[in-house]
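Listed in TrEMBL for this protein:
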- B:Cys83, B:Cys88, B:Cys124, B:Cys128: [2Fe-2S] cluster binding site (BINDING)
Amino acid sequence: MEELFLSRNFKVPNAHTLRVYEANGGYQAMKKAFKMDGSAIIDEVKKSNLRGRGGAGFPTGVKWGFMPKDSDVPMYLTVNADEGEPGTFKDRYCMELDPHRLIEGCIITAWALGIRYGYIYVRGELQNAIRTLQRAINECYEKGYLGENILGTGLDFDLYVHSSAGAYICGEETGMIEGLEGKPGQPRLKPPFPAIVGVFGAPTLVNNVESISSIPFIIERGGEWFASMGVEKNGGPKLYGLSGHINKPGVYEAPSGITVRELLEEYGGGMREGSELKAFIPGGSSCAVLTPDALDAPMSFEGMREYGSTMGTGCITFMDQNTCMVRIAQRLAHFYHHESCGQCTPCREGSGWASKVLDAIEAGRGRKEDLELLLDMVDNVQGNTICALGDALAIPVRSYLQVFPEEFEAHIEKGCCPYPKWGKGKGKGKKVA
Amino acid sequence: MALQFSEETEKQFQELVSRYPNTQAALLPALLLAQSEFGWVSVEVMDYLAERLELNPAQVLSTATFYTMFNKQPLGKAHIQVCTTLSCALCGGYEIIEHLEERLGIRLGETTPDGKYTLAEAECLASCGTAPMFQITFSDGEIEYYENLTPDSVDELLDELDKKLEQLPAPAEMH
């Protein structure tokens, strides 16, 4: 892609400051939006085919349409910046390198929907992002882009950074809302959806960082232009995070619908020397694993579905021939067990059980019947929990068992793991955090 | 009550509370603020916050124990959390742990006898493109990311930190 949008400022020195951001055309989209009425802005977002960039891919314009037109109480915008899906790291770049783009997107969103308050809910670990965003917000207050009667338009909008404190589950929208209210981040039953009853009982829009950062471009160039930068139903340029055994891991911008092969070869620099691609996860660890014969799968929600996986966050992890697939399944089960909020029995118990069975198989203590047991177990977790964390455990575990059954069998038959170890380690001490 | 925020922290606390329509919503950032002031989140700290935010102590306890970033015990001056989730595991996160265990003479979950370092494993810290990495939380509340680590770069970093940590108070001494 010749012209960059979302990552345009990533390499511009001091682009996180208001001065440089404005010198590069920043806040012009906001000023343009102030001349449009809310429904015209929502129409552009609908036309843009922007799909939520947090992983679920719900059409953003449709979500905006769920917000009430006349609310008795002040409405809230919450930007979900609690990015913690293994393999996913793109939103951090948006916040640390181009915070004003996100803030500009927030202001346009507030104007379009009549929102009074906004919170950017950031992973507590991302101190650099929190500091950078806070500085950028302070600059906007000084300039009159935030606060009361913004630029004389009559828009009152206050925006705050809210620091989370290390809980993956707060990336789930209602878990995040609970966290914002100062409670343990245990997801809520839906309905009611946040657009009707969200944070502090008020109508709340929950959008991802990259989604909101895309809004200024949709206003600047129009929804149709944004849609043309992608494929059917999947609009826009998009950020892809590439990691694993590749030459050039990092965050890259490319159109929606680009193939995994193009991303790997043209952006990621191909596999490392001596590494051959064995498997990849297309959009964060909760997506089903794919093999090299799916390299031509397009990065779109519909396209990925045809290959039996999902687009997720669009952050791809590549694994080479020395990677033990049992260990990957074990590692991920451990992750989801650690991060389960404990509210629903199938997820709380199932994730721990799956993790223990996979530990045993990886250590060579597995039994043949364990494979069927695992499949049965994850079938009982999926779809039986309040939020999607249970599915996020079940989908990958099932996929590793189905795509690489021979590796599980080899572990059981040989009574050991046939692959090189990940560091020797001296065993797990007690966990302090 | 014996505990009290310093003047500077008190200002930050007041500003935090002003951001939300009720005091409970300020709890996560207030706990982080209290942790950087008092070193760790003891029962005493939780009770202090409950009083300041007009909450039931059980509300503070249930929130403080849910999130991994609130330390319920004093740790070393530098709390090293090595990420070993997917991309970090693939790119050498476990080797970094092994190297740290050898260099510091402790295992995961332990603190060095001089009180400088606590070593822990963390789940995905959103740094997959720059794996392997660890995050260090210092006893004054600062959090830093260190990315693209190798055993050699870890050694260099710890040589530098050894000196810096002399200046920091141990969390156990902070209240």
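Each Cβ is built from the backbone N, Cα and C atoms, and glycine gets one as well.
Proximity to chain A (Cβ-Cβ under 8 A) holds for B:Cys124, B:Cys128 out of the binding-site residues B:Cys83, B:Cys124, B:Cys128. The candidate set comprises the binding-site residues B:Cys83, B:Cys88, B:Cys124, B:Cys128. Of these, B:Cys128 has the most other Cβ atoms within 10 Å. B:Cys83 ([2Fe-2S] cluster binding site) carries a strand DSSP state (E or B). In the three-state DSSP classification, B:Cys124 ([2Fe-2S] cluster binding site) falls within coil.
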